[in-house]
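Here is the structure we will look at.
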């Protein structure tokens with residue numbers, strides 16, 4: 001308790017932490033908690049299982065509690081920040097809703113960006129919900145630009161998401177990253193008219209008074225959202241006219257200037273100079289902290305940690321909510337209506353609730369992106385940017401938005417780019433460094449060579465069902481084709497997985513497969529061996545964890561594995577990131593991952609908490625043809641076995657190349673063992689029992705002491721001689737030195 005209290009953690013949280021047997025903070029917690037409590041943005045990286053969740057959860061809970069306590073007691077923050085409310089009272093481009101290199105003149109109408117490599121955008125201070133409206137834009141030079149309309153959710157890069165409509169100088173209209181020919185090109189001295197008919201749901205443009213025709217029909221999901229004038233520039237200058245001055249080309253057909261729009265049609269921007277009116281008012285659906293997780297399992301795990309940490313916090317109590325798919329939305333909405341302080345969720349459902357206004361982000365003080373590299377690799381960068389754009393950078397009490405990013409790979413280009421965009425001078429806490437295999441993990445490779453091990457020929461039909469990639473190919477023995485060897489690899493891997501379990505008498509292991517169908521097939525093969533989900537205690541009892549299983553089943557399967565009801569968890573990489581599974585003695589990689597970082601994530605499941613673990617990877621020596629779905633159904637009902645380059649959904653998978661990349665990444669050569677999977681005892685560890693703690697000190701420590709003993713004795717003799725000499729100099733009758 002004292003260790004956490006010394007970092008400034010409040011006693012109520014420290015007491016809860018002590019009950020969890022956390023006597024001392026981990027390295028990542030000791031570094032990050034004071035930084036976050038101090039108000040800074042933090043980028044943190046540490047090994048899986050190092051306490052990253054606690055490192056951000058503890059300070060977030062404390063600051064949210066302190067904020068609510070201040071509000072309860074009527075305290076106000078000391079702030080000298082200008083509200084910028086006067087900006088919202090006139091039609092102009094919004095200085096609080098623009099890119100970092102986007103300049104706005106003193107009149108609020110003349111805009112410029114001189115960045116030659118990047119696009120920078122801006123939105124107006126007001127938007128519209130009803131009516132037929134028009135504004136003009138004049139081009140002052142020959143730079144590139146797009147003009148049009150967007151919602152508050154849209155990216156400032158107009159036309160690159162589903163919330164904005166743009167028309168560019170190259171004669172292209174753009175929406176949701178789709179650029180189509182429209183109208184004609186425009187450049188310096190041209191005037192573009194931007195028309196919006198909300199009642200009909202139409203957007204169109206004109207050039208120098210020439211009507212270019214219908215450009216877009218507003219989709220249903222945007223019908224109830226305000227649309228704001230918007231633009232994006234690359235080394236260009238524009239001037240807007242919202243109707244305060246006379247139009248060069250006045251609109252017809254009942255379109256009116258924005259400046260003449262009735263007040264009832266107008267919506268003011270949420271970006272109002274950092275202190276929004278809504279922030280001072282209690283909104284039940286406006287949390288103080290938002291934590292985004294890449295998977296439902298991680299979200300549930302984080303929420304459980306928050307519940308444990310806040311156990312003794314009272315007056316006011318903190319209210320948390322889990323927002324994930326697969327759960328009835330009405331249950332989540334009813335909790336939102338009653339008030340919530342901390343939200344933990346996954347991007348899909350969060351996006352739905354934010355876009356429909358059910359979840360309000362106007363009071364968020366903390367934005368936490370857990371496993372950020374996983375979020376980015378799943379394609380959620382646009383969602384993150386949209387969400388960040390909707391959160392005020394400074395709250396009404398003068399506190400700045402804090403952004404915390406946790407990632408297994410901080411040094412990836414995408415994570416660095418994201419941090420530059422949404423974080424404010426972040427502190428990097430990197431206790432992970434380059435990927436490496438922990439000392440407690442013994443990892444080996446088993447080559448799967450169908451040319452030397454002909455077992456697959458003798459099995460007949462009593463083998464694992466394969467993934468039907470070769471359903472239309474001749475894979476019978478004797479064909480000697482790449483397809484035959486590929487099918488043989490699939491069969492052998494099923495046999496080797498069973499052999500590894502029997503050879504090492506595995507009582508618990510995580511088995512990673514590349515695809516969901518591979519997981520299902522291996523589970524079915526274990527059922528044929530007498531095991532399966534319902535055979536508790538059987539040598540091959542197992543459960544599956546992947547995206548096609550129902551949420552309730554996934555949660556139940558994970559719990560059954562943790563409790564030891566079944567021995568094996570067969571999963572895709574969904575379980576490789578952050579899921580709280582401790583001390584698993586074995587991991588089997590049926591197929592190597594296509595991303596080398598995921599190899600470290602996978603084998604990081606074993607050997608935690610000083611327990612020894614063994615990771616066995618089955619690596620094909622020949623290329624294997626595998627599914628790689630690029631179809632819209634993402635594999636559901638797809639049987640297109642042609643190669644990707646031929647318009648199909650398969651690729652040739654080269655595991656030997658992947659193995660060399662992993663070895664280069666880890667700067668080591670991974671030991672190989674024979675197909676009998678008898679793993680020689682590691683010479684450093686002596687006798688090893690996987691899953692048990694290494695003997696403290698070990699035999700190697702004794703040898704180390706023996707080597708150092710003569711040197712230590714010599715140092716002791718020199719120290720004694722020096723001390724004796726000093727005493728003689730100080731106390732001899734004829735002292736040579738005396739202190740006067």
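Keep in mind that glycine also has a Cβ here, set from the backbone N, Cα and C atoms.
Feature annotation from Swiss-Prot assigns region 'Necessary for interaction with RELA' to 1-525.
The region 'Necessary for interaction with HNRNPK' annotation in Swiss-Prot covers 1-295 (among others), and the record cites experimental evidence as its basis.
Taken from Swiss-Prot, the feature domain 'Helicase ATP-binding' covers 2-428.
Of all Cβ atoms in the protein chains displayed, 19 besides its own lie within 10 Å of the Cβ of residue 49 (ATP binding site). Positions annotated as ATP binding site by Swiss-Prot, on the basis of a curator's inference: 46, 47, 48, 49, 50, 51, 52, 53.
According to Swiss-Prot, the domain 'B30.2/SPRY' annotation covers 70-247, on the basis of sequence analysis. Confidence annotation: the domain 'B30.2/SPRY' (70-247) carries a mean pLDDT of 89 in the model.
According to Swiss-Prot, the feature SUMO2 cross-link maps to 281, an assignment based on a large-scale study or a structure entry.
If you look up Swiss-Prot, you'll see 370-373 marked as motif 'DEAD box', on the strength of sequence analysis. Counting only same-chain residues 6+ beyond the ends of the motif 'DEAD box' (370-373), those with a CB under 8 A from a CB of the stretch are 52-53, 56, 291-294, 298, 302, 405-409, 412, 414-415, 418, 577-578, 597.
The local packing around residue 481 (phosphoserine), expressed as other Cβ atoms within 10 Å of its Cβ over all shown chains, amounts to 14. Taken residue by residue with DSSP, residue 481 (phosphoserine) is part of neither helix nor strand, so it is coil. What Swiss-Prot lists as phosphoserine is 481.
Among the features that Swiss-Prot reports, domain 'Helicase C-terminal' is placed at 493-681, with the record citing sequence analysis.
The feature region 'Necessary for interaction with HNRNPK' is assigned by Swiss-Prot to 525-740 (among others), with experimental evidence given as support.
If you look up Swiss-Prot, you'll see 536-631 marked as region 'Necessary for interaction with replicase polyprotein 1ab nsp14 of IBV', on the strength of experimental evidence.
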If you measure between the CA atoms of residue 52 (ATP binding site) and residue 481 (phosphoserine) and round to the nearest Å, you get 49
Counting every protein chain shown, other Cβ atoms within 10 Å of the Cβ of residue 47 (ATP binding site) number 21
If you measure between the CA atoms of residue 50 (ATP binding site) and residue 481 (phosphoserine) and round to the nearest Å, you get 47
Residues near residue 51 (ATP binding site) by Cβ (under 8 Å) yet at least 6 apart in sequence within the same chain, in sequence order, are 22, 25, 26, 28, 29
For residue 53 (ATP binding site) and residue 481 (phosphoserine), the CA-to-CA distance in whole Å is 50
Residue 53 (ATP binding site), Cβ-centred 10 Å count of other Cβ atoms over all protein chains shown, is 25
